Amino acid sequence: MADPPACCAACATCLLCPYSCRWITAKKEKRKGLRTTKCDCSWFLFLFCVFLFTLVWLYFAIIILNDFHNFNEFIFKQRKLWLDWSQVLLIATAVLITYSSVLLVLALCLQLCGQPLKLHWLHKVLLILTALVVAAAFTGLGIKWAEEWRSARISLQATGPFLHIGVVGGMTLLAWPLASFVYRTRSTGLKVFLLLVYCTVMIALYLAPLGITSPCLMEENQLPPKPALVGHRGAPMLAPENTLMSLRKAVDCDVQVFETDVMVSADGVPFLMHDEELTRTTNVQAVFPERAALNSTAFNWTDLQQLDAGSWFLERSPFPTMPSLSAGDRHQAAKQRIPSLGQALEAAKQSNISIMFDLRPENHSDYQSFVNATLAVILQSGIPLQQVSWSP
């Protein structure tokens, strides 16, 4: 068999070091009897599978970013530490996908240069760790955040055609190193097997569009009606959550329902608040440091009105939309206070949108009195009852 060209051999010297930690080129290795063994092929197959596994996780990581603020809130409740963990997720995922993709490219280039694929033991260990980390991430997603599987399936309706084009392009590029390997291998059975597998995959990919249903490929008159938008805690990407500013921003986004959470103060005033404690979305630690850990329902309405419910939004930047806020929006956000349910109902009535809420905490000893106080405020507000949804 002909030796690889001199330029390829020179490139192979640089490729061997990061992949195999060897400086011995093809000619010297042939003298020593060093060839790509079945074990080496198995490790290359494992590398390819780890790359695909990590690539799939990258897709899921991008999809779940839309709901990642829930995870940030969960960590804050547990550790009282606020950090945008989505950045940690993306950095870790980028490191894993970069590592596996670089190794895969090195292996393919070595194959094109006719070099044996002697993967170093350290890379083998790191690949196993990469597979375990990604498997743990998928397991945690399935246990604690199972609803995201549905989000991923829905997202495929929009991304499916473009992912299909990318996969076809990748498989087409893979034909070059595969042909090089088939040419160099001596096993006729292996040659036939690889060609059959490759041709089967390509035929399946070319036929896949027949089974893809995507709004991107449908006629406009075949599209279903646009679903009504629900503002979860208003528009928390553009304003502090559960504030009147958040409600107004949601109205500007053409939402039809303002979804919020209601609690009742110690003196019987229903107000908007998601967390049982006030530490995440107010400055209660600065105003009432000795009472900061108390339940939100332990404060009377006068105390709650003293709290700043907007500055945290500017300081912590819970969403990556902060740069889009104008100076006026920032100034308005800094002045936000905790709104009462009556104020929210009045704003919803004026904007002609519905309001949906759940009353919390359900396990409170005075929950029945909370129900009575909330019902009284709704009836006094004059809002049409069909615009109010009370979630159990």
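If you go along the chain as it appears here, the first residue is 1 and each next one adds 1.
Each residue, glycine too, has its Cβ placed from N, Cα and C.
In TrEMBL this protein carries:
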DOMAIN    227-392  domain 'GP-PDE'
TRANSMEM  41-65  transmembrane segment
TRANSMEM  85-113  transmembrane segment
TRANSMEM  125-143  transmembrane segment
TRANSMEM  163-183  transmembrane segment
TRANSMEM  192-212  transmembrane segment
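Recorded stretches compared: 41-65, 85-113, 163-183, 192-212; the one with the most Cβ pairs under 8 Å to the transmembrane segment (125-143) is 41-65. Here the transmembrane segment (41-65) has long-range neighbours at 86, 89-90, 93-94, 96-97, 100-101, 103-104, 107, 117, 119, 124, 127, 130-131, 134-135, 137-138, 141, 145, 148, 151-152, 155, meaning same-chain residues at least 6 beyond its ends whose C-beta is under 8 angstroms from one of its own.
Confidence annotation: the domain 'GP-PDE' (227-392) carries a mean pLDDT of 94 in the model.
For the transmembrane segment (192-212), the list of distant contacts is 160-161, 164, 167-168, 171, 174-175, 178, 181-182: same-chain residues at least six beyond its ends, Cβ to Cβ under 8 Å.
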